[in-house]
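What TrEMBL lists as domain 'FAD-binding FR-type' is 93-221. According to TrEMBL, the feature NADP(+) binding site maps to S156, R176, T237, S299, R300, K309, G337, L338, E376.
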Amino acid sequence: MALSTPLSQMYVALPIGIDGSSQSLIKVQSVSFTEKSWSPLLRLDTVSRKPSLKKRSTVCMSLQQQASRSKVSVTPLELEYPKETPLNLYRPKEPYTAKIVSVERIVGPQAPGETCHIVIDHDGKVPYWEGQSYGVIPPGENPKKPGAPHNVRLYSIASTRYGDSFDGKTASLCVRRAQYYDPETGKEDPSKAGVCSNFLCNAKPGDKVQITGPSGKVMLLPEDDPKATHIMIATGTGVAPFRGYLRRMFMENVPTFKFDGLAWLFLGVANSDSLLYDEEFSSYLKDYPENFRYDKALSREEKNKKGGKMYVQDKIEEYSDEIFKLLDDGAHIYFCGLKGMMPGIQDTLKRVAEERGESWEQKLTQLRKNKQWHVEVY
């Protein structure tokens, strides 16, 4: 669709029901396809947890589908020129009270567990950089400290500094609902469910949420070399910071950062229904084939070369020669996800290094010294 003149308002019909039979009309302000702007984001005042929504692109992805290789204008550009990295602007004793914009289930019916994409409105008061985390304090009393609030739970931010609305006022989290099942009965025990993840996944638009931060420096995206190579390895919700990186590289029109290097994402999940932001990543693959690579490891659907389950470390081994060469040439490599992912990955990298006649310990030391090695696991 091409428009010759900017629109001040337009109405868009989006499918809401499972079969797409019911629709909702949502007003959009300040849309201009001639200048590739899209601000603000369409916002649904509903909480969606229906498995079928996995097949539908989220609203903020729609511009990628409107015109190949087009990018979205972002504001305020002052976010590109802070004096220093924003850190701990709000602390546990004095958190910022933000509001929930939307909660959407983003996995299919066959995914083990539920994962939600949660957009939070901080009104521009809690700015952050790509790769940082927010702390969330769920409501209620800490059972281990009567009278005290719950402890802070950290979540990697899954959006760029401009948020899904591209206006610098929101942040997005990718949250898997923590549930506990009794090993003997196989039944869920709600008393042992994750307090914070369930609070966030059950939240409704307008609900208040206390946040702290932002925190973290180890996963900040180096932008000094726009032609650099970035190898990103994630399991499950660990893909959150990489979604932020990739939106900044390929979706947003950022005057101060014109990426022309290589971004290579490895994502490990259980099955196809567990893939997170797959349509978004696939659109980058289509529009920027020379700058983006995307490899998936589906442990319950694929086999590795030994006939076992396909884990992300098996994909790394499959491309090990290329990965090591890229690292030798200065590539950055990032890991994010459950801490249990690292032993298998480290063992694979060590074995590959030894096959190449190299010492993995020495190589790892050099990677850390050169600030090429970035790890955030939980």
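Numbers here mean position along the shown chain, with the first residue as 1.
The backbone N, Cα and C atoms fix where each Cβ goes, glycine too.
A TrEMBL annotation is a machine prediction, not a hand-curated record.
The structure, with features from TrEMBL marked on it.
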{"residue": "S156", "record": "NADP(+) binding site", "CB count, 10 Å": "25"}
{"residue": "T237", "record": "NADP(+) binding site", "CB count, 10 Å": "22"}
{"residue": "R300", "record": "NADP(+) binding site", "CB count, 10 Å": "14"}
{"residue": "G337", "record": "NADP(+) binding site", "CB count, 10 Å": "25"}
{"residue": "E376", "record": "NADP(+) binding site", "CB count, 10 Å": "19"}
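Within the model, the domain 'FAD-binding FR-type' (93-221) shows a mean pLDDT value of 94, rounded to a whole number.
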